[in-house]
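Structure record follows, encoded as structure tokens.
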């Protein structure tokens, strides 16, 4: 059969290339490769001169490398599965978050490249196990990208670099291939070095102008990232930054790894060339000739001499020679000792047809069997991986379904309670645009009770029920200026309790009307100092004591819900002297004590604060709010600073309140009280529910960095400005908080993110704060057209 094809020597160029090649024309077919060193298929066809196929390196340059596609496919599958898995466990990952899906992609890339900033950290057993699985599989993907995809792309850039260097010289393709082959590693090293510099420069510029880091911190962050150190003190924290980081981290870390890989390869190549030079220049001996005589015929042919020298240089080994001979014997179908085009055609035939051509063809099946074993192993491994991911996905789905089922069950029991909290955080566009800062408002007025106090009411009642201080059928009493009273009246029936509220008679009439409409009893009293026995808070405390006395005649008069409650000199109001305000069937009372009860603080430390952190992804610079009981500003400020001590918290205080002086000067008094004089109404302001002239237990839990003083006129103007420009119809407390947000923005400067609380709606302030006839009495008619009342033009 050797006479039917091209009889071509093993070492091309050592014989006359003009020898007769025969007349058989073989159509283009794909060469079936058995050698491990040449996995790709290439086209084989005789050229016009019958010299066979084009050089392998030339044909490779003209094709898209299949390994690049394979590496890209594996990476895409890894990234997709990683994103899905980490998205499902996003609530079990803590840290500086931006967007759920973006954070999942970002966390997958950071895990894959082993950067590990620490800005996102798995916080459960499942999320930690997932991270462990993905870090190992991710390193495998990176290895594949390094060995296949990235190396191929660098080779392409290497050719481009060669053409650029020699663009003024006439160099044909064969010379180009020889030069590239000789200086291959050197060109790769240069290309990766240039790319690495580009990534460092681009990353540094991005961090400076987008993330707002200084040049030194930006360069430091870039260097710690591409070397996969990831100290964690500097990282990509914005949405735009993490989108950029997804691509930049992957490319830059792989580029740096390639650079050092090529440096090591270049050193190895130089050593090999030095060895080759020594081998080629040393003198041959008879011993060398005997070793080179592979067939022991006493004569060393050119092919034997070349193979001997290659072995001596360390270019090939006995194992390599054995593999090449095995491939040759497999392709030599007629066992003639030579290869022809006919042998190649027969090698590509189906196995059943090949058996009819040669006896003993079962031996040819050995390589096929080995490849079948490998394929089976790959199939089993793939099945295990797919099953594992399916198991995790199914586990999360069941967990989510169970959680939803439990939530639905819980909603049935609690009713309106489940709608409290998780309020939206919105950008206040007019204020943000005017100040150059991102001013965000937490829309607490969207709670069912219409204010932030819904959270406090739920927390106080739940803790009281759990501790046994309150029983179903009992009455919750509170002294409130309005919002807390409305929230308690809203929430108490959901727990099977009643509500009794004592309020000053100077609050907006609509508030007492709402409370009564909700089924609570309202007791309006004259406003006096907190030290007065008839202050509305002190009366509310006595009402709880009275309810307890009715429920149990055996209980000591001074014992209320397990706490000592002192009667103020046995004082009784006219209503108390006439008889109890509660029916005899009352099952006891509980004084909510929103000013001193730390359940108020915990409601915001465990609820409002974490929600703000989650909604901003931890990307905020400051928080500001006014204080009445102090629970909101204390709970939120302490939680945020526990998460990130760099976040600043501020107080905005209305006229007549002493908290501003306490924060800024450490002295708790107003100018009017400098000599101990106490006003009949200590809150000399049209704002309601904020401002106080004493330190409460809740307020003392706050972590504040400063305070601002707001005025009534500013609050009125701000409420009208927001209604006109943002469609936000807010109450006096919310307007004062927005004044504080602008003051913080003016203090910090543009580019910062500031969060405040939109705690109440304007619907509760129609008779006073939003009543022009009422405001004109105090010369508070709004006149501003913009924000000039806050010195913003």
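Placement of Cβ uses the backbone N, Cα and C atoms for every residue, glycine included.
Residues 31-58 are the range that TrEMBL records as region 'Disordered', among 31-58, 59-86. Range annotated as transmembrane segment by TrEMBL, chosen from 1-20, 101-120: 101-120. Annotated range for transmembrane segment in TrEMBL, selecting from 243-263, 264-284, 285-305: 243-263.
The range from 478-512, 513-547, 548-582 that TrEMBL describes as region 'Disordered' is residues 548-582. Sequence-distant contacts of the transmembrane segment (101-120) (same chain, at least 6 residues past either end, Cβ-Cβ under 8 Å): 78-79, 82-87, 90, 93-95, 131, 134-135, 138-139, 141-142, 225, 228-232, 235-237, 239, 242-243, 245-246, 249-250, 253-254, 617. Taken through DSSP, the domain 'Potassium channel' (195-268) splits into 57 helix, 0 strand, 17 coil.
Ranked by Cβ pairs under 8 Å to the transmembrane segment (190-209), the stretches 71-89, 126-146, 243-263 are led by 243-263.
Sequence-distant neighbours of the transmembrane segment (243-263) (same chain, 6+ residues past either end, Cβ-Cβ under 8 Å): 102, 105-106, 109-110, 112-113, 115, 142, 145-146, 150-151, 154, 185, 188-189, 192-193, 195-196, 199-200, 202-203, 206, 210, 222, 225-228, 236.
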